[in-house]
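Quick look at what Swiss-Prot annotates:
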- 20-42: transmembrane segment (TRANSMEM)
- 55-75: transmembrane segment (TRANSMEM)
- 105-125: transmembrane segment (TRANSMEM)
- 126-146: transmembrane segment (TRANSMEM)
- 150-172: transmembrane segment (TRANSMEM)
- 176-198: transmembrane segment (TRANSMEM)
- 227-247: transmembrane segment (TRANSMEM)
- 249-269: transmembrane segment (TRANSMEM)
- 280-300: transmembrane segment (TRANSMEM)
Amino acid sequence: MNQIEKTGELSASRFTVRDFTELVKIGIVNSNTITAFTGMWLAFQLNGISFIQNVDVIFFTIVGSALIVAASGAFNNVIDRDIDGIMERTKNRPTMTGKISGKRALMVALVLGVVGTIMLFMTTWQAGVLGVIGVFLYVVVYSLYAKRKLVSNTVIGSFSGAVPPLIGWFAVEPSFSMVPIMLFLVMFCWQPPHFYAIAIKRKDEYAAAGIPMLPVVKGIERTKKSMFFWVILLTILPFFMFDLGIVYVILATLLNIGWLALSVYGFKMADSIKWAKWMFIYSLNYMTILFVAMVVISIFL
């Protein structure tokens, strides 16, 4: 048993709410819950299904989605203990400081995952299966393998990050249509430029940890080209979402043009780290505005 584990065994019983939120990566939980809610809300609105008469579905979908995302974050913290201490942004995670032992973190992850999955299956079996697939993709395919072995790790990890809006939709309306497909693609295409911005800022840390992020393996200029490519793909998607009305299409297009302009500016800007910070901030605002707009605009359809 290493020193972290020894310390963890002594202090695990005293971990705080803040330690718990850091263990489950509460920021990621919140953002994924928003996208799951959006998928669910649009399924209600666009299919003429009563929101008020399905309070149980709403509860199980939102809480279940939050729990499986939280479980995935906790699993990831357990898996990454060997590299988290090397990186500045992760060295103070509770699994590194000893506030939560590896065994305790694993137990928390298992409980959250099982309870969350059961709740999703209480909506529709399709939502439950999607939840299981999402956790498997993130924990096994991404965290255990792709993150450490493949330069395409970010793209592979984007599959799991695009699952929550599908869960929300299929919990209400378990059939495919253009809207849930586009929600998946929006989230899938949004993640590479978002996480590549982080990778550029933390390039040296990822290199020290031996993580083959795109900026580490191919360089920053190559990463900028990839980010530009993914933003271009995003600019196409609104034109397949006229079910949400012309106002949404215009708003999404304007947001995409802004992000595209910022992406192009990156090829001329000498300070790549500063530019990456701008890209990161824009990506967060982009997702928030876009998904809130989907909810609000759909009310008036």
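In case you wondered, yes, glycine gets a Cβ from its N, Cα and C as well.
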Most Cβ pairs under 8 Å with the transmembrane segment (150-172), selected from 20-42, 55-75, 249-269: 20-42
Seg_contact(the transmembrane segment (55-75), the transmembrane segment (126-146)) with at least 3 CB pairs under 8 angstroms, min sep 6: yes
Top Cβ-contact partner of the transmembrane segment (105-125) among 20-42, 176-198, 227-247, 249-269, 280-300 (pairs under 8 Å): 20-42
When counting Cβ pairs under 8 Å to the transmembrane segment (20-42), the leader among 126-146, 176-198, 227-247: 176-198
